[in-house]
Amino acid sequence: MGDAPSPEEKLHLITRNLQEVLGEEKLKEILKERELKIYWGTATTGKPHVAYFVPMSKIADFLKAGCEVTILFADLHAYLDNMKAPWELLELRVSYYENVIKAMLESIGVPLEKLKFIKGTDYQLSKEYTLDVYRLSSVVTQHDSKKAGAEVVKQVEHPLLSGLLYPGLQALDEEYLKVDAQFGGIDQRKIFTFAEKYLPALGYSKRVHLMNPMVPGLTGSKMSSSEEESKIDLLDRKEDVKKKLKKAFCEPGNVENNGVLSFIKHVLFPLKSEFVILRDEKWGGNKTYTAYVDLEKDFAAEVVHPGDLKNSVEVALNKLLDPIREKFNTPALKKLASAAYPDPSKQKPMAKGPAKNSEPEEVIPSRLDIRVGKIITVEKHPDADSLYVEKIDVGEAEPRTVVSGLVQFVPKEELQDRLVVVLCNLKPQKMRGVESQGMLLCASIEGINRQVEPLDPPAGSAPGEHVFVKGYEKGQPDEELKPKKKVFEKLQADFKISEECIAQWKQTNFMTKLGSISCKSLKGGNIS
């Protein structure tokens with residue numbers, strides 16, 4: 001057996017890959033004297049998803065550093081947070097969480113015997129704890145409590161009192177679990193600073209707080225247990241993983257708001273220390289990255305294509321999920337999963353009258369606001385060699401700013417004054433500091449010698465003319481496509497260039513009133 005790690009080595013293990021540490025000097029002092037006592041809590045709400053591998057990998061680090069680690073299944077918190085977990089399902093949810101999190105830890109080689117597991121209601125309903133809740137409520141302002149839970153507790157128009165209690169209970173957990181530190185996501189920061197402010201008011205000591213970064217969901221927003229579209233469930237089938245990754249936002253050259261790339265950075269690299277891009281030999285073969293920054297650089301330069309990135313993530317992710325799927329492929333755990341998360345369609349309605357908005361939204365091409373545009377100016381992005389910044393006339397009072405990754409594929413002079421096809425109702429987002437107000441649609445052939453061509457409107461088209469799929473010309477486009485609903489991504493999965501170089505959705509042509517949308521030469525290509 002090797003020598004025990006030094007205090008400095010323990011500090012490195014405890015803090016690596018974290019986004020922020022509050023109380024680092026106190027942490028150093030504790031490590032000089034004894035082992036650190038730390039807890040990680042999770043509210044037992046929606047099904048845990050693949051981003052939970054981020055805290056799992058840190059728990060592995062804590063154990064390597066000799067820490068005494070407690071995992072709290074915060075069932076009472078799950079109920080207090082706008083009843084994300086109904087009272088009658090709390091026990092079942094705790095059991096589900098315990099089984100799935102233990103399976104995750106085993107999947108990455110963490111020894112369970114070194115961990116302590118505890119349920120919130122095992123001590124949060126005691127006389128002493130309840131009295132401290134009242135004591136805390138006598139010194140905490142409504143403003144501070146609401147502010148503390150703003151990024152964690154579900155925000156609604158008429159918030160319940162229970163949501164205001166949530167941060168105080170999480171603060172008290174630090175005292176009642178007798179720990180030196182609490183570990184959580186950066187979204188917990190306001191609760192952590194709340195605890196640092198108010199625990200001393202009750203005569204309790206201020207704890208150390210360790211925060212990991214949040215992994216963006218597949219839509220680019222925070223990955224959430226309670227939002228199905230944003231995440232991959234730990235028990236998703238392989239075909240579901242493929243489907244969700246295929247629809248994930250992963251624009252060529254765009255490293256911002258890229259859920260797929262962020263998952264590699266925050267989950268796969270910390271667990272495996274390397275990542276392999278899987279490619280056919282004719283496209284250059286496999287390439288192994290041992291540093292995330294190198295992968296990000298190649299993706300930004302469009303050396304790595306989104307299709308190869310997604311396929312490689314799919315393979316790596318399924319290797320992590322296979323042991324978890326196998327564990328849950330038993331009658332007892334299948335029954336537990338069904339009982340803890342009953343099918344909503346089989347539940348009795350809670351209120352009289354028909355449910356509003358019960359019909360699923362149609363995902364049809366008419367929801368896209370696609371227009372003919374004319375490029376007025378085109379310049380290199382000041383901070384990204386692979387990006388252009390274009391001013392495009394789309395028939396509005398002022399031209400729109402659009403950022404596109406075409407530098408390596410289309411000379412600047414070919415874009416100047418060119419008629420193009422622009423998706424106009426995406427949510428604006430910053431790309432390397434410049435806000436893009438649309439997407440210039442292009443055909444592409446993937447591979448090591450990737451080819452890209454902007455789509456061409458029919459000759460004689462004018463800026464602002466409506467582009468539609470034949471048969472869907474009458475519909476009203478969404479004012480703004482909501483990223484969480486992934487309308488564009490779902491439709492894009494069926495975009496294709498025909499053998500006649502016509503842009504199509506499900507083999508039906510994209511058109512204007514003057515004819516079909518086309519590209520110059522990329523038969524059988526994709527559209528993005």
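Including glycine, each Cβ sits where the backbone N, Cα and C put it.
Checking Swiss-Prot for motif 'Nuclear localization signal' across the ranges 242-247, 380-385, 428-433, 446-451 points to 242-247. Among K102, K206, K319, the residue that Swiss-Prot annotates as N6-acetyllysine is K206. The record from Swiss-Prot ties Y39, Y166, Q170, D173 to L-tyrosine, and of the options Q19, Q188 it ties Q188 to that site too. What Swiss-Prot records as phosphoserine, among S205, S338, S436, is residue S205. DSSP gives K197 (N6-acetyllysine) a helix state. The C-beta environment of K474 (N6-acetyllysine), restricted to residues of the same chain at least 6 apart in sequence and closer than 8 Å, consists of S366. When each of the modified residues S205, S386 is scored by how many other Cβ atoms sit within 10 Å of its Cβ, S205 comes out lowest. Put simply, S386 (phosphoserine) is 51 Å from S205 (phosphoserine) when counted between their Cα atoms. Per-class residue totals from DSSP over the domain 'tRNA-binding' (364-468), listed helix then strand then coil: 7 helix, 47 strand, 51 coil. Looking at K490 (N6-acetyllysine) and K482 (N6-acetyllysine), their Cα atoms lie 12 Å from each other.
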